[in-house]
Amino acid sequence: MLMRKVPGFVPASPWGLRLPQKFLFLLFLSGLVTLCFGALFLLPHSSRLKRLFLAPRTQQPGLEVVAEIAGHAPAREQEPPPNPAPAAPAPGEDDPSSRASPRRRKGGLRRTRPTGPREEATAARGNSIPASRPGDEGISFRFDFNAFRSRLRHPVLGMRADESQEPQSRVRAQREKVKESGEASLFEVNIRYIGGLLSAFYLTGEEVFRIKAIRLGEKLLPAFNTPTGIPKGVVSFKSGSWGWATAGSSSILAEFGSLHLEFLHLTELSGNQVFAEKVRNIRKVLRKIEKPFGLYPNFLSPVSGNWVQHHVSVGGLGDSFYEYLIKSWLMSGKTDMEAKNMYYEALEAIETYLLNVSPGGLTYIAEWRGGILDHKMGHLACFSGGMIALGAEDAKEEKRAHYRELAAQITKTCHESYARSDTKLGPEAFWFNSGREAIATQLSESYYILRPEVVESYMYLWRQTHNPIYREWGWEVVLALEKYCRTEAGFSGIQDVYSSTPSHDNKQQSFFLAETLKYLYLLFSEDDLLSLEDWVFNTEAHPLPVNHSDSSGRAWGRH
């Protein structure tokens, strides 16, 4: 606007406002802008609004919903390790043929010359994603995200069947209820650590997640500097010093045995074979070492390579080691025969020495301490129903029906631990003795901290059988969570599942978002949403892709 200068006239402002009025207007405007942008980036439904302001992404509509639930939980609470065993010679070398390199995806990884910031700025966003950026020297690979997505057998979010059909209306409402529970308790974007970073990259194609995952993997490598190559449990990124896992102490089976999925992906995304070599060596040590009755104890000395004590559990301290054996087989496109054989051998030993049926007909997996059974089952062990169902298809033909039934019976037992409580939520551990079955016998085991393992098995059993009982059981959990665990600020664990008015522990565990709600959401979704043909969930429920192609780019069939 043009204004004529008149002698003696000084305008208050370009809008005709005096200085105090202008100050108040700008103060109001800045507050309004702050409020709008805060809502844009922090409110649960803001992902749709962001697309109006941020650069468009080459992804399927609605993909951000999946990214929101790709959370990661910190390590689960474990018992402190016992005193180490006396030192012994480290395991010897094994057959070098077992160190064959993993298959590589055609068009997936290509070595390139490092590029500078200017060259990267002009790189095609939807084609090969450049790895080298300022501060990322040494990572000189491109990952063809479009080629990866083209090999998936199902759209990431599924085909979304006609939701207007009456039989699906109730399931849709249940799914939306689970989603609403997640939004009500979402205090932070819970994508962190390697598994979460990898799944975030594969789901969104955002290069920053790939780079951060590789860098984090590199920082973990000093943990493997032990006489056996079995990693220690804790390392300081800043100083390199150790936590409780000092020289001679124990490493935990569920920790060093749950690296295979992530580290093979790190090799594939970085081109650095060191990640794959580290986890292959873990398997070599475990194959070589003598195992009591074919069982894997929970504590191993990374110095001597000997078991520290003979405590065997499919629950806490051991659980995800077994899970990663069958999932490594599936993730490899069913080519990792070593993982397959180790899994079925371990499962056979578990059946022989740990599996029991109570007088009331409940099937459970006990804990083993030097040949003596503790007739209890932890909540953490309830993932095993889903694991056994997942592996039933690839068992020997004469064992497949048996494993499907075994998976169903174990899952039924875990459901009973919920059904027999006043809150319809399960205790941390439950026993089978003195005429009491699937019930905690002391207050110290009667708490519930929003754990996911039971609903995890419901989800896998539903996808394997489509028996509506699993959705019914899952909905019972949703209602119980709403009634006993929901608070004004989110969801809380409870201190006694056998009390009709339980006290809250005022903690929302991160695995509640990353796992419990995710598995419940998938339970009430179509099977092609994060299809099990395309994705394997790691131990914290981060989806990692199945390798569908060999070195020549042909799709793997089932074999």
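Along the chain as shown, residues are numbered 1 onward.
The backbone N, Cα and C atoms fix where each Cβ goes, and this holds for glycine too.
What TrEMBL says about a protein is an automatic prediction, not a curated fact.
Feature annotations, reproduced from TrEMBL:
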- 23-43: transmembrane segment (TRANSMEM)
- 74-136: region 'Disordered' (REGION)
- 80-89: compositional bias 'Pro residues' (COMPBIAS)
- 101-113: compositional bias 'Basic residues' (COMPBIAS)
- E188: active site, proton donor (ACT_SITE)
- D319: active site (ACT_SITE)
- C382-C414: disulfide bond (DISULFID)
- E428: active site, proton donor (ACT_SITE)
- E453: active site (ACT_SITE)
- T539: Ca(2+) binding site (BINDING)
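Taking a C-beta cut-off of under 8 angstroms and a sequence separation of 6 or more, C382 (disulfide bond) has the following same-chain neighbours: I410, T411, C414, S417, G426, E453, V454, E456, S457.
Compared over the active-site residues E428, E453, the count of CB atoms lying within 10 A of a residue's CB peaks at E453. Listed in sequence order, the residues of the same chain lying 6 or more apart from D319 (active site) and placing their CB within less than 8 Å of its CB are A254, S313, L380, A381, F383, S384, T539. The recorded positions listed here are C414, T539; among them, C414 has the most other Cβ atoms within 10 Å of its own Cβ.
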